[in-house]
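Novice: Structure provided below as structure tokens; questions to follow.
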Amino acid sequence: MKLIEAANYEEMSQKAADIIIAQVKEKPDSVLGLATGSTMLGTYKQLVEDHRQNGTSYRNVRTVNLDEYIGLSPDHPNSYRYYMNQHLFSHIDIPLSQTYIPNGASDDVEAECRRYEQLIESLGGIDLQLLGIGRNGHIGFNEPGTSFSAPTHVVELAPSTRQANARFFPSFNDVPRQAITMGIATIMKSRHILLLASGTAKAPIMAKLFEETVTTDVPASVLHTHPNVTVIADQDALSLVPDEKRKVYAK
């Protein structure tokens, strides 16, 4: 695990975008694993701006998103398909037919999980997976207690996760209770993982992540066992991580 420190959210976003752009330029048909949420907005904004200014092409890129709420149609304003179209896909030259997100409106969500897992394998696996980290350490929607060997599956969302996402919905009760998520095993097959963290709200879980104890109680801790993980975090998110730890991981 390598740590890249950023002064603030804007710098974190730029550094993340630079890594994604480099990946796409090196391998134009890359498979990118993408994430949603407020942490990613700055990165996607930078990718759109770079595409506009420099013409970086995504014509041959394939994307697979981490997760999707169950019960929301793709055109629902709070679906992750809608988020991705609004913030990235509609502003770059990627064909929508090459962008894949679990179908949360499927009549058979268990079959959809199996289909999605097979889809990722058929694409040759994920070259670069973008991740955020939840306040409870979740990655994707893999909540504490999730098996590290889990493939794509249906998950019951923890109350804390639903509360964190309630600001996007009319009320807490409107937040879906279930989602389809790539499993931890699915994520860990990615060739390179890029985890982003910003803000003081993430400081406690980042301190726990850098304690190095690998446990299902902190799903993100499994990343310590992956050979190629880059963490980009701003000073607020790192405020509880001791300087000596930062130095070790910055090398």
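Including glycine, each Cβ sits where the backbone N, Cα and C put it.
Worth saying up front: this structure is predicted, and the values here are computed from it rather than measured.
Taken from Swiss-Prot, the feature active site, proton acceptor applies to ASP67, HIS138, supported by sequence analysis. If you look up Swiss-Prot, you'll see ASN136, GLU143 marked as active site, for ring-opening step.
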Novice: Just counting, how many other CB atoms are there within 10 A of the CB of ASN136 (active site, for ring-opening step)?
Specialist: 18
Novice: Specify the secondary structure state of ASN136 (active site, for ring-opening step) as given by DSSP, simplified to three classes.
Specialist: coil
Novice: Do any residues at least six apart in sequence from ASP67 (active site, proton acceptor), in the same chain, have a Cβ closer than 8 Å to its Cβ, and if so which, in order?
Specialist: THR36, TYR80, PRO102, GLY140, PHE141, ALA179, ILE180, THR181, MET182
Novice: Just to verify a number: CA distance, GLU143 (active site, for ring-opening step) to ASN136 (active site, for ring-opening step), in angstrom, no decimals.
Specialist: 8
Novice: Run through the Cβ atoms and count how many others sit within 10 Å of the one on HIS138 (active site, proton acceptor).
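Specialist: Step by step: centre on the Cβ of HIS138 (active site, proton acceptor), count other Cβ atoms within 10 Å, giving 26.
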Novice: Need the DSSP three-state call for GLU143 (active site, for ring-opening step) to compare against my parser.
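Specialist: SS state of GLU143 (active site, for ring-opening step) = coil.
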Novice: Ten-angstrom check, please: count other Cβ atoms within 10 Å of the Cβ of GLU143 (active site, for ring-opening step), all chains counted.
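Specialist: Taking every protein chain into account, the count is 21.
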